[in-house]
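What follows is one structure encoded as structure tokens, with my remarks underneath.
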Amino acid sequence: MTNKITTSNLGYPRIGKNREWKKALEAYWSGKVSEQDFLAQMAGIQLQHLQSQQKAGIDLIPVNDFTYYDHVLDTAVMFGVVPQRYAYNGGAVPLDLYFAMARGSASAPACEMTKWFNTNYHYIVPEIGSLTPQLTENKPLAAYRFAKTQAGIEGKPVIVGLYTFLKLSKGFPAAETGEVAARFLPVYIQLLQELEQEGVAWVQIDEPAVVTGLAPEDIELLKTIYGAISAAVPGLKLILQTYFEAAEPLEALLELPVQAIGLDFVHDGGANLEAVERLGWPADKWLGAGIIDGRSIWRADPDAKLGLIQKLAAHVPLDRLILQPSSSLLHVPVTVQSESKLKPAVKQALAFADEKLAELGLLAAAAGGGNGNAAAQLAESREALAAFRALPERGRQDVAEQVRRLDALPDSRSLPFAERVKLQQAKWKLPLLPTTTIGSFPQTAEVRQARLKWRKGVWNEERYDAFVRRQIAEAITLQEELGLDVLVHGEFERTDMVEFFGEKLAGYLFTQNGWVQSYGSRCVKPPVIYADVAFIQPMTVKESVYAQSLTRLPVKGMLTGPVTILNWSFVRDDLSREEVAKQIALALRHEVQALEDAGIEMIQVDEPAIREGLPLKAEDHEHYLNWAVRSFRVATNHVKDTTQVHTHMCYSEFNDMIGAISAMDADVISIETSRSHGELIAAFENDDYDKGIGLGVYDIHSPRVPEVEEMTQNIERALRVLDAGQFWINPDCGLKTRGWEETEAALRNMVLAAANVRKNNA
Ligand code: GLN
Ligand code: ZN
């Protein structure tokens, strides 16, 4: 007997197979295509995406997951949530206003952008304030009609749930969330009623904010919202969709009057399955079972997945089970088919969006009693995975041995900071309030072209090296002339701070087309850790040693830290992230040693991404921070007492991890704070942080050249909390996205500001 199990998708990547979505956007922004042509191109892309899912045989195809920029921004403008500075007078939000909110305009700065939960996708933060919402247009309805008329698809509209929308918004006190929800409920209901009238069957209401933890008042709010909604639209089947973590307490969600609940059975640490087994499944609900990893690029193990389905089927009848990815497929590239350079054993172990949808169909068929075809394809999957697992570079004895021995390595520097700092002062003899930069200098078109020529073989290694050396020499001369105290080589040889190391470490591979959206039209192509990571040969020594040979001032060696390398890569899923971080840390430990052996005795190990790996649930923070800090220490704690370890982070929300930052035990840390000075300084006020610290004194994200006076004030404000003896003066991040002209002018002013403050503190 066969049972047809329903399959569903939660969201499809927007960017297109060849990033045609990105290209269309950028062409429109630059004025190369008209609004009308742009809209036509977008419609074409949207249709293709629907058809790909149709071809994969997915039963519930999402609509309204497609957007021109960001789905949270879509939700905001749909409800008229447009900040006052944009001079908006109600009604449908014009396209250019929509983009102005995302990207800024001549008359008003952009809305804030921040990370979507623990992903590298960024959404536009809605600014609600006191405005009264209105339904300016019904986007899900339009998307539903589009799919129906253009592709004959009975789509499943996706909307951001009210609870999550409010949790992600700003402009009102958290204590007033209930009142704000009451203001929004009528327009949410209006939207859903229009869908109901249209004859829509299923609606997916995304409520990922649920997984970050539910306080009693959160549960009350959910009850109010869903009570009101479900009473108003009895004809719709509502799926309350969660993802990225376990939805706890599941008891509370099961009581909500919705027809289906979607749970993530991949990133839940087993808690969702455990809860279903403990509580059983209510007879009146469907379960959206997120069984295929929406965040990884790997083919699923069919036997493990069939086992999971079987466990779920013990509690949920097959005709109430919906098989789906664990989250939207927005976080993975479109298709493996575009990859032509990977070796077969690796390529066949990959699954991007299209391949994941095919996996779902296959699992649904196999679990529902199957057909002969499914059995053959399952066998193929098993073989592919077996071949991949057997690759020798994935099971290196030497790497395993080193990781085993890692626990026996000393956990700290040989001297505590209070003692080694004296030796470092004696060695380095830096002035009060030393000035430095974060590492990179402008990556001009010339630098990028040179690298391209070298990559294409137009330039040989020697020619490219000579070019990089010239850049380094010019940067050193300039820094000396500006009067900076601690110099950098400028990172001209690096495109990207993770890719550069990935290309030089064992265990990495690079896709040709594995792009994912980061924000707006900006896409990234994360390198892939597919095997054991290990040191092969020095990666940065050549450039650092050359730079140091040109000056008597110290030049910092410059590395990317283990946690950042991990967090900005796609990572193999057969080892824990902690385990992979250890492998990277050990490889970097070699590099740090190589730098020190070569006479580089100030070494900066950047960890800008340490904050974003923080788990969504507060109770998991400690475990993560423990291994993250440990990885950093393994990479750095074996240096001489006099060697000065620096680190850099680009984030300002550190209040919840200041203890961990201190535990990293870097001698000097620089932090990006110029846009939120007050807050971060307050964080340091409460903690007695005794190590060197550079709070960025100007914002490098804008071409504006800050005045001396402005930076002087920034420094003086910081010195009210921090000791002048521990303070460093630097911009708030690397300068690679800036031009030379503004960089030079800003640094000149920064050095002058430092001199002013030194005088006052002398
Ligand atoms: N050293 C790096 C640079 O200056 C740091 C970049 C970053 O913080 N993201 O570019
Ligand atoms: Zn930074």
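Keep in mind that glycine also has a Cβ here, set from the backbone N, Cα and C atoms.
Automatic, uncurated: that is what TrEMBL annotation is.
Under the heading domain 'Cobalamin-independent methionine synthase MetE N-terminal', TrEMBL lists 7-315.
DSSP gives R522 (5-methyltetrahydropteroyltri-L-glutamate binding site) a strand state. Proximity of R522 (5-methyltetrahydropteroyltri-L-glutamate binding site) to non-local residues of its own chain (separation of 6 or more, Cβ distance below 8 Å) is seen for none. What TrEMBL records for R19, E20, W21, K22, K115, N120, R522, C523, W568, E612 is 5-methyltetrahydropteroyltri-L-glutamate binding site.
What TrEMBL lists as domain 'Cobalamin-independent methionine synthase MetE C-terminal/archaeal' is 433-755.
Sequence-distant contacts of I438 (L-homocysteine binding site), defined by Cβ-Cβ distance under 8 angstroms and a gap of at least six in the same chain, are V488, H648, S670, I700, N730, P731, D732, C733, G734, L735. Annotation source TrEMBL lists L-homocysteine binding site at I438, G439, S440, E491, D606.
Taking Cβ-Cβ distances under 8 Å and a sequence separation of 6 or more, the neighbours of G439 (L-homocysteine binding site) in its chain are V488, G490, E491, K556, M558, Q604, D606, H648, G734. Under the heading L-methionine binding site, TrEMBL lists I438, G439, S440, E491, D606.
Here TrEMBL flags H648, C650, E672, C733 as Zn(2+) binding site. Under the DSSP three-state reduction, E672 (Zn(2+) binding site) is assigned to coil, being neither helix nor strand. A 10 Å cutoff on Cβ-Cβ distances gives E672 (Zn(2+) binding site) a total of 23 other Cβ atoms nearby, all chains included.
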Using the centroid of the Cβ atoms of I438, G439, S440, E491, D606 as reference, list every other same-chain residue with Cβ within 8 Å of it (recorded L-homocysteine site), in sequence order.
T437, V488, M497, M558, Q604, H648, G734, L735, K736
Which secondary structure state does DSSP assign to W21 (5-methyltetrahydropteroyltri-L-glutamate binding site), in the simple three-class scheme?
helix
Nonlocal residues around W568 (5-methyltetrahydropteroyltri-L-glutamate binding site), in sequence order (Cβ under 8 Å, 6 or more apart):
N120, V498, V524, P526, A609
Where ligand 1 binds, which of the binding-site residues K115, S440, W568, E672 are close by, with Cβ under 6 Å?
S440
Near the Cβ of H648 (Zn(2+) binding site), how many other Cβ atoms are there if near means within 10 Å?
27
Reduced to three states, what secondary structure does DSSP give K115 (5-methyltetrahydropteroyltri-L-glutamate binding site)?
strand
Enumerate same-chain residues with a sequence separation of six or more from C650 (Zn(2+) binding site) and a Cβ-Cβ distance below 8 A; give 'none' if the list is empty.
P608, I671, E672, D732, C733
Which binding-site residues out of R19, K115, G439, E491, W568, D606 lie by ligand 2, going by a Cβ under 6 Å?
none
Taking the Cβ of E491 (L-homocysteine binding site) as the centre, how many other Cβ atoms fall within a 10 Å radius?
25
Could you pull the average pLDDT for the domain 'Cobalamin-independent methionine synthase MetE C-terminal/archaeal' (433-755)?
94
